Amino acid sequence: MFNFLKGVVGGSGGGQKDLPYNIGDPYPSAWSSWSHFRGTSKDDGSPVSIFSLSGSNPQDGRLAAGRNGVKRLRTVRHPNILSFLYSTEVETVDGSGTKVTIYIVTEPAMPLYEKIKELSLEGTQRDEYYAWGLHQIAKAVSFLNNDCKLVHGNVCLESVVVTQTLDWKLHAFDVLSEYDGTSGTATGPMLPYEWLVGSQYKSVELAKSDWVAIRKSPPWAIDSWGLGCLIYEIFSGMKLGKTEELRNTASIPKSLLPDYQRLLSSTPSRRLNASKLIENSEYFQNKLVDTIHFMEILSLKDSVEKDTFFRKLPNLTEQLPRQIVLKKLFPLLTSALEYGSATAPALTALLKIGSWLSTEEYTLKVLPTIIKLFASNDRAIRVALLQHIDQYGESLSAQAVDEQVYPHVATGFVDTSSILRELTLKSMLIMAPKLSQRNLSGSLLKYLSKLQVDEEPAIRTNTTILLGNIASYLNDGTRKRVLINAFTVRALRDTFSPARGAGVMALCATSSYYDTTEIATRILPNIVVLTIDPDSDVRSKVFQAVDQFMQILKQSNEKSNAGDTAHAGSLGLSSMPGNAGLLEWAMSSLTLKGKPLDQAPIAASNSVRPVTTTTAASSGLIETPSMAPVRVSSSSDFADAPAPPSPTLTDGWGEIENGVHEEQYSDKDGWDDIKPLEEPKPSSALANIQAAQKRPVSQPKPQATSLRSKSTVKAVATKDEDDDLWGLIAVPTPKIASKSLKVKTSGAVEDDDPWAAIAAPPPTTKAKPLSAGRGRGTKAAAPKLGAQRINRTSSSGMQ
């Protein structure tokens, strides 16, 4: 029976070799006769602490007290009490007798005295950390005394350990016993193992073994005295040698001194309860205690309190002890973000604290949390992630981006919030190099084809620039099919002048991907038209682009004349002057002005506009780092020179095919169906002049033929004007218009009369005679307003 009970208390195990933990190096100090070792689990290698107590006599009182400590530690659970993992009792037989060893395995921790020396904190940071530690131990003592009606009996420096998160935890429960002061029949010692307590730590009544006075005292009387001893040892920096040293208060902080004196009152009933120490002491009211306490009860706070706290947290972390921030505050922050109790501003604090970590720690502790956050449905979290992607994007692996991050980020391309669409677009500058060709050429280009006709002009501009920047990551076939169509058919026709300028810059930045045939037949004819663009900045870019592409053609011609035709078809310059900042422009053109986006409210409707787009509309400028501010032309600027048609959602890259509009995305990226313009279209006035110049004058023709030629010229001009993206779905020219021009007019109509072709024929009816009545003729009917039906004979009847 005794062996059975011993197995229940001591755990199981046949020896040290059967212990599922590896015992490592010992710590220099431990409580009483116990030894404290570092250890690791044999299963997963996780760190642990191992305490051992040995005795040669199975009936040794120290072993009995150790068994009591194991039982109490196993059953008492509290956040500020050391966590129990495993225990066993081993008997070994040697030549002199039997040796019994008790093992306790707990969470990893180290003695408080050793940790204080290791941290080497000074000044305010030291006082704040001590306040936080004492706050934790006071809560543990209050839990034992007030909630469990237990007496620890030996609260001191050696009974406190520090975990890996720098939390202070209470252990050494060998003396712990129930408080039986409420029982009138209790006799004998209340603490059977009080003889293990050093005399310097005993209160006056405990030193006298006055159990009657102890039972009449409150449950916290003995442990409050122990808290006073702990405070003295912490601030004096040395272990207590004798009780009289407690009167030396030189090292005790002034704000803590009154409570320290009440803890060490000679009258047990007047000693300060540990719970009152936590509530009333000014010493525990500091930044570190308040910050960690707020994080621990974060789920009880409302959204306004959370938002205010996390906005202040990045600056607050600079003032707190860095090691405590990294080991205590940082785990609380990551946990709050992963489980959704933290708001979006917490991400800023997470990244700032993460910047203090090494590369290996950053990869293990920060990146997993960030990857999990990309799956969040909170729009504010998604915005914050995209705003700060430049801080962590380079650290993400290509596999994580392609498989875990991009599928969630891509939903932002079609979000109703323009801010989110804009940030998603800009994030691709960092993610695109890490995407597979399946996502890059398939999914991403499909989204970009829609963003290039977005309702926000700034998004259309940055889409063009992004496409120019990621061109190097596309395969040759995709570049041939996409780039020229996207830059010429879309960007160069945009009504937003920065978008047209972006198209010119993107063509120049990707000039090395075009052969001479494409430059001569598809690029130059489209950009030369913009030499008369209403915007001066666009014109200056165009002239530089023309010079660059002409230089490419000249180099090709020189090599062809020299017989070197191997590379004559694919020549290119790196970029035109001023395009060195193309990459930066894509990231900064929409966010340089106005307040930061992390302060902007997020809405779920199209009423939200990007901060920079609103700025562009109000001020007329978009700032770029590599050039002067670009002027946004108003509608009146295009009165004299017609601007290219604005892209709309109905002229998608892959949507117009034989006049049929596709309702859903196809597998194509949208650019391969666009037919490039064969030649630039002339304006209507220029078409008339050209038609007049081509009119034959040496051999005059009949009037009807002349009129027919004019009709033909007008029809050709109309056709040229419609020869754009809409040409494939345009309504045919009505044929009835030419029939009316076959009228044979009198010789008074000359060829130089522009109105002759559309003049009304002479009337064929005769005036009615005057009718008799009252001596005078009837008045003619008053002319009626509006459209009148005119009876005309056909051209065949007018001979």
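Even glycines carry a Cβ here, placed using N, Cα and C.
Automated prediction, rather than curation, is the source of TrEMBL annotations.
Look at TrEMBL and you will find 700-712 (among others) tagged as compositional bias 'Polar residues'.
If you look up TrEMBL, you'll see 755-769 marked as compositional bias 'Low complexity'.
Annotation source TrEMBL lists compositional bias 'Polar residues' at 790-799 (among others).
Summarising the annotation, TrEMBL assigns region 'Disordered' to 632-654 (among others).
Look at TrEMBL and you will find 690-712 (among others) tagged as region 'Disordered'.
Feature annotation from TrEMBL assigns region 'Disordered' to 754-799 (among others).
Among the features that TrEMBL reports, repeat 'HEAT' is placed at 366-404 (among others). When Cβ-Cβ distances below 8 Å are used as the criterion, the repeat 'HEAT' (366-404) is approached by residues 334, 337-338, 340, 343-345, 347-348, 350-351, 354-355, 357, 359, 412, 415, 417, 419-420, 423-424, 426-427, 430-431, 434-436, 439, 587, 596-598, 602, 604 of the same chain, each at least six residues removed from its ends.
According to TrEMBL, the repeat 'HEAT' annotation covers 523-561 (among others).
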Query raised in the report: Any idea what the model's mean pLDDT is for the repeat 'HEAT' (523-561)?
Result: 94
Requested in this report: Would you mind splitting the repeat 'HEAT' (366-404) into helix, strand and coil residue counts from DSSP?
Outcome: 30 helix, 0 strand, 9 coil
Query raised in the report: Of the residues in the repeat 'HEAT' (523-561), how many are helix, strand and coil by DSSP?
Result: 36 helix, 0 strand, 3 coil
